[in-house]
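Asker: Grabbed the feature section from Swiss-Prot, which reads as follows:
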BINDING   GLY40, SER41, GLY42, ASN43, TRP44, GLY45, PHE128, LYS151, ALA184, ARG309, GLN338  NAD(+) binding site
BINDING   LYS151, ARG309, ASN310  substrate binding site
ACT_SITE  LYS244  active site, proton acceptor
Amino acid sequence: MAATDRLNQTSDILSHSMKKTDTSMSIVTAENPYKVAVVGSGNWGTTIAKVVAENTKEKPELFQGRVDMWVFEEQIDGTPLTQIINTKHQNVKYLPNIDLPGNLVANPDLISTTKDADVIVFNVPHQFLGRIVSQMKGQIKPDARAISCLKGFEVGPKGVQLLSDYVTQELGIQCGALSGANLAPEVAKEHWSETTVAYQVPDDFKGEGKDIDHRVLKQLFHRPYFHVNVIDDVAGISIAGALKNVVALGCGFVTGLGWGNNAAAAIQRVGLGEIIKFGRMFFPESKVETYYQESAGVADLITTCSGGRNVRVATEMAKTGKSGEQVEKDILNGQSAQGLITAKEVHQWLESSGHTEEYPLFEAVYQITYENVPMKELPSMIEELDIVE
């Protein structure tokens, strides 16, 4: 395609996007206001809980005001973290110096947090999801709906699975996903950003005002400082959200080696190609345009590769020679860099399915992280990338 044709095509896309009329923020009501619960209270979990609680408080015609947030209880200088959150209205360990709404209630009991919820927002490190949903089985409303803010996959003998699909499989409830160019501290400080929510209205949808749909989800997550676009491509935003963390490790490696912005840009270019290829190969229902047009796609890739935990961990690995696991413990204050476990999961799946050679960047990140391959070998390892057509 000629450069002028590409420019015209891009202009048409942007013009169409700007002309779209957004009716999703018009008045929405519910016959019985929906109760919302958040599972997870780390840096991002607390930030999303803040967003949600602000909206439930402002929209009593649609949501019950109180939002319960499940907290894995721990002691902070001899005081339970839940007690600190509920009295000082700050998560002093994972989101310090950010005031939380008074209607956000920290709860150390997972079942009491979620048993009456109509909407459950999952926001925990994805390696803990299996243990959490196993406790919730049979303990929640059968017609509850869910949104996963997790980044990663469930890899098993039968293949690679979206975490939203895993939640649906294990709990029998419809689950969507939220992902975007969202560094938690910036959202928590109410610096303007945007995100993507993906949700497919299920076959058993009970009707407007009786069930969760795109309009309700926009009302739940959209804030003046946190703009939301709701789509139906759950696979697309989930794939992009998981794999961008692996790409970010690669960017951290070259940053730590002192190779500069050109090298980081090359990693992102290769990474975007492999993300799209992965979606096409293993989740054909995903839409290529999601990666380009949504915050959850290339925008999130750029943001994550410019900062965040995965880049920090990989940069420190390059500078110190320490393992990813050790660096994670040293600098993340109990949080996790999801790219480390995702790189291993993706490798396991690509190896079992015989596709490792088609994803040289993903494989290089795995080999450097877990097989002690020197980071300086990264350029030669990704040189033979098959371009996505």
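Yeah, the Cβs are placed from backbone N, Cα and C, and that goes for glycine too.
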Asker: Quick one: of TRP44, PHE128, which of the binding-site residues has the smallest count of other CB atoms within 10 A?
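Answerer: So among TRP44, PHE128, the binding-site residues given, the one with the fewest Cβ atoms within 10 Å is PHE128.
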Asker: Can you give me the Cα-Cα distance between LYS151 (substrate binding site) and GLN338 (NAD(+) binding site) in Å, rounded to a whole number?
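Answerer: Cα to Cα, LYS151 (substrate binding site) and GLN338 (NAD(+) binding site) are separated by 7 Å.
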Asker: Let me make sure I understand the structure: which of the binding-site residues listed (GLY40, GLY42) has the fewest other Cβ atoms within 10 A of its Cβ?
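Answerer: Candidates: the binding-site residues GLY40, GLY42. Fewest Cβ atoms within 10 Å: GLY42.
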Asker: Just to confirm: which same-chain residues, 6+ apart in sequence, have a Cβ under 8 Å from the Cβ of ARG309 (substrate binding site)?
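Answerer: Sequence-distant Cβ neighbours: LEU332, GLN335, SER336, ALA337, GLN338.
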Asker: Which one, from the binding-site residues ASN310, GLN338, has the smallest tally of other C-beta atoms lying within 10 Å of its C-beta?
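Answerer: Comparing Cβ neighbours within 10 Å for the binding-site residues ASN310, GLN338, GLN338 has the fewest.
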Asker: Where the record says LYS151, ARG309, ASN310 bind substrate, what is the longest distance in Å from one Cα to another among those residues?
Answerer: 13
Asker: If you measure GLY40 (NAD(+) binding site) to ASN310 (substrate binding site) at Cα, how many Å is it?
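Answerer: Between the Cα atoms of GLY40 (NAD(+) binding site) and ASN310 (substrate binding site), the distance comes to 19 Å.
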Asker: Determine, to the nearest whole angstrom, how far the Cα atom of TRP44 (NAD(+) binding site) is from the Cα atom of ASN310 (substrate binding site).
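Answerer: Distance (Cα to Cα, whole Å): 14 Å.
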Asker: Work through the recorded positions one by one (LYS151, LYS244) and point out the residue whose CB has the fewest other CB atoms within 10 angstroms.
Answerer: LYS151
Asker: How many whole Å apart are the CA atoms of ALA184 (NAD(+) binding site) and ASN310 (substrate binding site)?
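Answerer: Distance between the two Cα atoms comes out at 13 Å.
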Asker: I need the neighbours of the substrate site defined by LYS151, ARG309, ASN310. Which other residues of that chain put their C-beta within 8 angstroms of the C-beta centroid, in sequence order?
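Answerer: My list of surrounding residues reads ASN245, ALA248, THR304, GLY308, SER336, ALA337, GLN338, GLY339.
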Asker: State the count of C-beta atoms found within 10 angstroms of the C-beta of ALA184 (NAD(+) binding site), not counting that atom itself.
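Answerer: 21, counting other Cβ atoms within 10 Å of ALA184 (NAD(+) binding site).
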